[in-house]
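Peer 1: Got a structure here, written out as structure tokens. Questions coming.
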Amino acid sequence: MAKRKVSTKRKTVKKPKKSLKEKFTLSRQQKVVLGSFLFFLGIGLFFAFISFFFNWKIDQSEISEFYNRTSSPKNWLSKFGATVSHFFIFKGFGVSALILPVLTSLSGVYLFFDLNKKRLLGFWFWGVLVMLWISVVLGFVEKDGGLLAGVIGYESNDFLRDYIGFIGTVLVLAFFAIVYIVVRLRYTPEKISDSLKSTQKNIVKDYESTSKASTNGQAVSDNTVKNDTDDSGSSIKERIDAIIAKSKDYRKKDEDKEKEKEVAIKKEDTKEITLNPTVNDFYGDPKNRDNDVPEKLIIKSEDNPEDIAMEVETTVEEEVVENLSAKLVKDFGEFDPKLELGNYKFPGINLLKDYTTKTGGITIDQGELEENKNRIVETLKNYKIEIAQIKATVGPTVTLYEIVPEAGIRISKIKNLEDDIALSLAALGIRIIAPIPGKGTIGIEVPNKNSTIVSMRSAIASSKFQNAEMELPLSLGKTISNETFVVDLAKMPHLLMAGATGQGKSVGLNAILTSLLYKKHPAEVKFVLVDPKKVELTLFNKIERHYLAKLPDTEEAIITDNTKVINTLNSLCIEMDTRYDLLKNAMVRNIKEYNAKFKARKLNPENGHRFLPYIVLVVDEFADLIMTAGKEVETPIARLAQLARAIGIHLIIATQRPSVNVITGMIKANFPARIAFRVTSKIDSRTILDTGGADQLIGRGDMLFTQGNDLIRIQCAFVDTPEVERITEYIGSQKAYPDAHLLPEYIGEESGTSLDIDKKDRDKLFAEAAEVIVTAQQGSASLLQRKLKLGYNRAGRLIDQLEAAGVVGPFEGSKARQVLVSDLSSLKQLLDNE
Ligand SMILES: Nc1ncnc2c1ncn2[C@@H]1O[C@H](COP(=O)(O)OP(=O)(O)OP(=O)(O)O)[C@@H](O)[C@H]1O
């Protein structure tokens with residue numbers, strides 16, 4: 001027994017193990033201290049190196065006398081300076097070792113100001129390479145070895161010469177020089193030629209201004225061109241010659257035409273050169289001195305000055321117009337989606353009830369803990385499982401006893417005894433986790449005799465929720481270690497909730513909606529609420545014009561009628577497609593980037609762009625819906641669940657009956673995040689969570705949450721109806737939008753048929769479609785899609801036209817339409833008689 005140690009803790013906060021990266025991450029103070037050190041070290045080394053070049057001969061003997069304090073080297077940094085310099089310069093890289101103190105000081109500056117580490121690494125990498133290169137080059141030049149190249153430079157050079165010879169060494173060194181220029185300095189042949197071109201341009205400009213100044217509007221002689229520049233002068237000359245030759249050509253052709261005609265030759269580099277054959281113009285004063293008008297450079301022909309005149313027109317520097325979006329932001333500020341309800345006030349925390357005052361927080365009963373511990377130890381002993389250690393973590397509803405079995409006991413043995421242990425402990429709500437994922441321990445969760453209510457108030461007020469940098473933060477409740485559990489709905493991206501009746505599902509939904517109301521402005525999130533029970537979500541009617549979204553022309557925003565749900569789901573699908581188009585046009589990947597771009601006024605509302613609020617679809621009692629509408633709701637739900645994450649539509653689906661025909665494979669596959677309240681059977685638990693456990697919960701908000709891997713037991717935050725009422729009233733009493741957020745209109749198949757479709761408006765393929773339908777005796781749009789290779793919309797329209805023409809009967813739900821014409825000859829007759 002001596003070995004068994006029981007420790008009870010009110011709260012066990014496990015410090016996560018530090019990763020290797022964290023271990024080696026310096027604090028800000030450490031960085032400043034180390035930064036200063038390196039900076040001064042660099043300066044010290046620099047002085048030491050410099051003085052080494054003057055004193056190295058005198059100090060040579062001192063290097064071996066490092067420990068002899070009586071010797072006094074001449075180096076400015078004494079023994080240290082002499083030794084280090086000898087090492088880096090003489091034995092190392094020669095003169096190029098001077099790069100080292102620079103790099104060291106630079107590292108100091110980077111650390112001191114906490115600058116970009118990657119760039120510093122780049123400096124080191126290239127710095128060392130350059131140092132090596134210079135050292136080898138100097139070794140190449142300085143044949144006898146010495147201070148310039150250092151031992152490394154000399155030896156490397158020697159090595160290269162032995163293996164690749166003189167020419168090889170030159171080539172290798174040249175190659176590395178090119179690598180440096182291209183990779184580090186990012187110079188490419190194109191860039192170099194561009195910069196040469198621009199230099200040439202500048203020379204022309206300079207030339208032009210000088211010529212203008214010197215002649216004050218007089219013609220500039222050809223000689224000026226020649227003399228004005230050296231290298232590039234000849235190229236200008238060549239160009240001018242070419243132009244003059246061309247202009248002669250033009251002149252011949254244009255002699256009879258009007259004298260003033262100008263022929264513009266557009267050069268590659270956008271410099272316009274206007275050839276003017278009139279002598280008067282040639283000698284004339286430049287007409288335009290205005291800044292807005294291109295100035296003209298007038299050049300006289302070499303062969304025959306009387307013959308031809310040429311104006312070289314320089315391009316005017318265009319005014320740099322500020323980027324439009326930046327200008328808009330500068331003038332009007334960023335787009336603020338909240339502006340319309342600028343005075344909106346978020347509900348205060350005091351609208352929520354404080355339950356802790358009643359119960360005084362979690363009560364730990366030492367006796368209860370001791371009793372449970374003894375029962376666990378005894379029970380396991382009966383199965384010959386000895387315990388090395390046991391630890392208790394008291395949560396709001398359950399206490400987790402974490403057991404470390406005696407060495408040699410296999411966890412699988414305990415796992416096999418799971419049911420027996422639960423039976424022996426004989427308490428409702430026992431859950432055994434063997435092993436606890438990521439630990440070598442076994443967890444036994446035992447309910448507390450007195451559970452504590454986790455108030456919504458505490459969940460909202462928690463710093464974890466308040467400081468959550470999430471798109472759609474949900475404060476779900478508290479974990480077994482009493483920490484507030486906050487998740488991002490936007491990351492889930494959809495949530496499936498199940499639980500038998502009365503176990504806390506509706507409270508859970510209210511907690512989710514309350515979380516969003518406390519964190520998101522009405523402009524940022526909209527709810528689509530489906531509540532067939534007509535009771536749970538009705539309270540949210542009050543915030544219809546703030547937070548709800550609905551179909552146009554519907555009275556109530558909260559949908560209680562199942563047939564309306566189908567239209568709403570399809571409308572959401574249309575909204576999804578529209579949003580995808582908007583995202584595509586804006587060239588962004590998700591709603592967050594899109595909205596950021598819209599706020600920065602980079603997207604033009606005239607092109608259909610708008611600020612996109614998140615849309616959260618909540619379906620309470622999904623089972624009802626699936627039973628009545630089946631595939632018609634399953635398909636759009638699955639489509640939304642598969643695709644809607646990027647465009648900000650998130651689904652929360654709750655059901656009492658987690659049976660396989662409600663939570664189908666298709667639904668399950670698209671809802672990785674799930675919450676299970678207590679269910680009545682293990683099978684139900686499997687359906688919702690893919691594992692048991694939900695059947696062993698104790699109800700009243702006790703729940704299991706999974707986002708695809710681990711199961712987390714959470715006590716759901718409790719928010720009562722009066723609390724929700726107070727919040728919705730508070731929001732509802734404030735200034736609202738004129739209407740609920742309107743979803744796109746969806747015209748269902750049944751309502752899409754208007755029997756007075758004009759004959760003229762019929763599709764070109766109408767006759768062909770009628771033949772296909774009559775031949776197959778099957779009135780379905782998908783048949784047309786396949787046979788005529790059409791899109792769904794066109795096929796649907798054709799079916800409507802066929803109905804209007806009396807070829808097929810009306811829409812009959814999921815069944816194909818009845819074909820009213822028996823054969824092709826009757827069809828012909830019908831169409832001819834129209
Ligand atoms: N998180 C919670 N903390 C404490 N008590 C809770 C919690 N959740 C639910 N309860 C208790 O359980 C009762 C039933 O909860 P709730 O109405 O949410 O159940 P439900 O699963 O929605 O039932 P139904 O499906 O029949 O609507 C509540 O009235 C409340 O007393």
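The backbone N, Cα and C atoms fix where each Cβ goes, and this holds for glycine too.
TrEMBL lists Gly499, Ala500, Thr501, Gly502, Gln503, Gly504, Lys505, Ser506 with the feature ATP binding site. What TrEMBL lists as compositional bias 'Polar residues' is 214-226. The domain 'FtsK' annotation in TrEMBL covers 482-686. Taken from TrEMBL, the feature region 'Disordered' applies to 214-233. Per TrEMBL, transmembrane segment is recorded for 32-54, 88-113, 120-141, 163-183.
Context for these features, please: burial, neighbours, distances.
Peer 2: DSSP gives Ser506 (ATP binding site) a helix state. Cβ neighbour count for Ser506 (ATP binding site) (all protein chains, 10 Å cutoff from its Cβ): 22.
Sequence-distant neighbours of the transmembrane segment (88-113) (same chain, 6+ residues past either end, Cβ-Cβ under 8 Å): 26, 31-32, 34-46, 49-50, 52-53, 56, 119-120, 123-124, 127-128, 130-135, 138-139, 146-153.
Outside the transmembrane segment (120-141), and at least 6 residues removed from its termini, the chain residues within Cβ reach (under 8 Å) are 92-97, 99-100, 102-103, 106-107, 110, 148-150, 152-158, 160, 169-170, 173, 176-177, 180, 184.
Outside the transmembrane segment (163-183), and at least 6 residues removed from its termini, the chain residues within Cβ reach (under 8 Å) are 126, 129-130, 133, 136-137, 140, 157.
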Peer 1: Sort out the sequence-distant neighbours of Ala500 (ATP binding site) for me: same chain, 6+ apart, CB within less than 8 Å of its CB, listed by position.
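Peer 2: In sequence order, Gln656, Phe677, Arg678, Val679, Thr680, Asp684 meet the Cβ cut-off.
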Peer 1: What are the sequence-distant neighbours of Thr501 (ATP binding site), meaning same chain, six or more residues apart, C-beta distance under 8 angstroms?
Peer 2: Gln656
Peer 1: Starting from the Cβ centroid of Gly499, Ala500, Thr501, Gly502, Gln503, Gly504, Lys505, Ser506, the recorded ATP site, name every other residue in that chain with its Cβ within 8 Å, sequence order please.
Peer 2: Gln656, Phe677, Arg678, Gly699
Peer 1: By a simple count of other Cβ atoms within 10 Å, which of Gly499, Gly502, Gly504, the binding-site residues in the record, is least packed?
Peer 2: Gly502
Peer 1: Using Cβ-Cβ distances, find the residues under 8 Å from Gln503 (ATP binding site) that belong to the same chain and are at least 6 apart in sequence, listing them in sequence order.
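Peer 2: Sequence-distant Cβ neighbours: Phe677, Arg678, Val679, Leu697, Gly699, Arg700, Gly701, Asp702.
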Peer 1: How many other Cβ atoms are found within 10 Å of the Cβ atom of Lys505 (ATP binding site), counting all protein chains shown?
Peer 2: 26
